[in-house]
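According to Swiss-Prot, the features are:
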ACT_SITE  GLU315  active site, proton acceptor
BINDING   LYS23, SER24, ARG28, SER171, SER172, GLN173, SER200, GLU315, HIS344  3-phosphoshikimate binding site
BINDING   LYS23, GLY100, ARG128, GLN173, ARG348, ARG389, LYS414  phosphoenolpyruvate binding site
REGION    1-20  region 'Disordered'
Amino acid sequence: MSTWPAPSTATPVHATVTVPGSKSQTNRALVLAALAVPQGSSTISGALRSRDTDLMISALQGLGVVVEAPDTDGSDGTELTVSGALAPKAGARIDCGLAGTVLRFVPPVAALTTETVTFDGDEQARARPIAPLLDGLRALGVAIDGDGLPFSVRGQGSVRGGTVEIDASGSSQFVSGLLLSGAAFTEGLTVVHTGGAVPSAPHIAMTVSMLRDAGVEVDDSAADRWRVAPGPIAARHWAVEPDLSNAVPFLAAAVISGGTVRVTGWPTVSTQPAATILSLLTSLGSEVRQGNSHLEVQGATSYDGIDVDLRDVGELAPSVAAMAALASPGSVSRLRGIAHLRGHETDRLAALSAELNRLGGQCEETDDGLVITARQMHGGVWRSYADHRMATAGAIVGLRVPGVEVEDIGTTAKTLPDFPQLWADMLAGQTDLQAGAPHAGRNQGR
């Protein structure tokens, strides 16, 4: 497999970056728009166009929904219109790829159709947890063949709904996937979580917020219990925020180089973990300045390790681990609350430990996280495991460690198209970099 020579710099990085739309918001908006088609057409502005979101678009099109990107305004396909009807053709098949949102959000939608819909995905996706969602749907009266990919949902035109108990300790997406479709169920839906702490809980809060924006009545007043009242989901316009988790690798460049990086379009109020990101960057010794529509981070000349619980923001763990490995030599970082990362695109805890140690770092796995001791590292191959966040973590390490070769950098297209070009532009000192905008050689059909 080909490798990408990660650019290095011995000088502070100074750049302004615009990251594309939030994957989490884009795919939730697409699902809600598809469920709202009986009420009319919806529009989405600022949508992310990446492998994950294109898989969601294809999945909904496979269910008969019309998703169009007129691209008459130079938006590069980020302005979408959703219309049509939930009416899949006989024998419909959905490719989930490696997208957890497609795997967990679309089966409840398919259950509302009158056809049997088969789901499959990448080989690695077959190892991702899905049983709690399928068991929950069965408890609600949905007929499903199979207990993991590939599986088939036998739609009967409606879902009874009611109360269902699930263990969502493996993924908050089990809860979100059910809630998104719950208002379309005959009796509505009550989801009760019965297991250990739910990881990435802010993503459930995002789901609840967007449901309310679509006119759905949601009661989340009791811990580990969510009630969605039956009723129409409104067709409306959705404005997608920039993806703040995708901004973190660029902000990390400021942290580890002592430079200054500004991200434009940073929301003042957000359902994404904006406050947590600011707290993390501050704990790493950086100065954080937030304006009306931007965030600017100025890194310190050096910084120490941190002790942090990342349960709610596990997607940031690879970037945080990379920054921890590059802290002041001898300083120790403890990343806690992320045992669930063993069930993501890859076992991220094992992968991070293996790759940091391969390049001379010191990283040990614990029951629920990592202990990283910063030490001098050397170049070598950084394996990405077909995981977009592992690939960007390798780029962060390579910024300070010459000779790092990142395997399969193309996997970053899962959520951040054109990452290699954007990274190079940032290091070249260019400003107003537009993530997701056309570059020479970009595959426009992605």
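Note: Cβ is positioned from N, Cα and C throughout, glycine not excepted.
When the recorded positions GLY100, ARG128, GLN173, GLU315, LYS414 are screened for a Cα within 10 A of the Cα of HIS344 (3-phosphoshikimate binding site), the ones that qualify are GLY100, ARG128, GLU315. Checked against LYS23 (3-phosphoshikimate binding site) by C-alpha proximity, the binding-site residues GLY100, ARG128, GLN173, ARG389 yield GLY100 as the nearest.
Of the candidate recorded positions, SER172, SER200, GLU315, the one lying closest to ARG389 (phosphoenolpyruvate binding site) when CA atoms are compared is GLU315. In this structure the C-alpha atoms belonging to SER172 (3-phosphoshikimate binding site) and ARG128 (phosphoenolpyruvate binding site) are separated by 13 Å. With respect to their backbone Cα atoms, SER200 (3-phosphoshikimate binding site) and GLN173 (phosphoenolpyruvate binding site) stand 9 Å from each other.
DSSP assigns LYS414 (phosphoenolpyruvate binding site) to a helix. Helix first, then strand, then coil: DSSP counts for the region 'Disordered' (1-20) stand at 0 helix, 8 strand, 12 coil. Of all the Cβ atoms in the protein chains shown, 26 others lie within 10 Å of the Cβ of LYS23 (3-phosphoshikimate binding site). Sparsest Cβ environment among the binding-site residues ARG28, ARG128, ARG389 (other Cβ atoms counted within 10 Å): ARG128.
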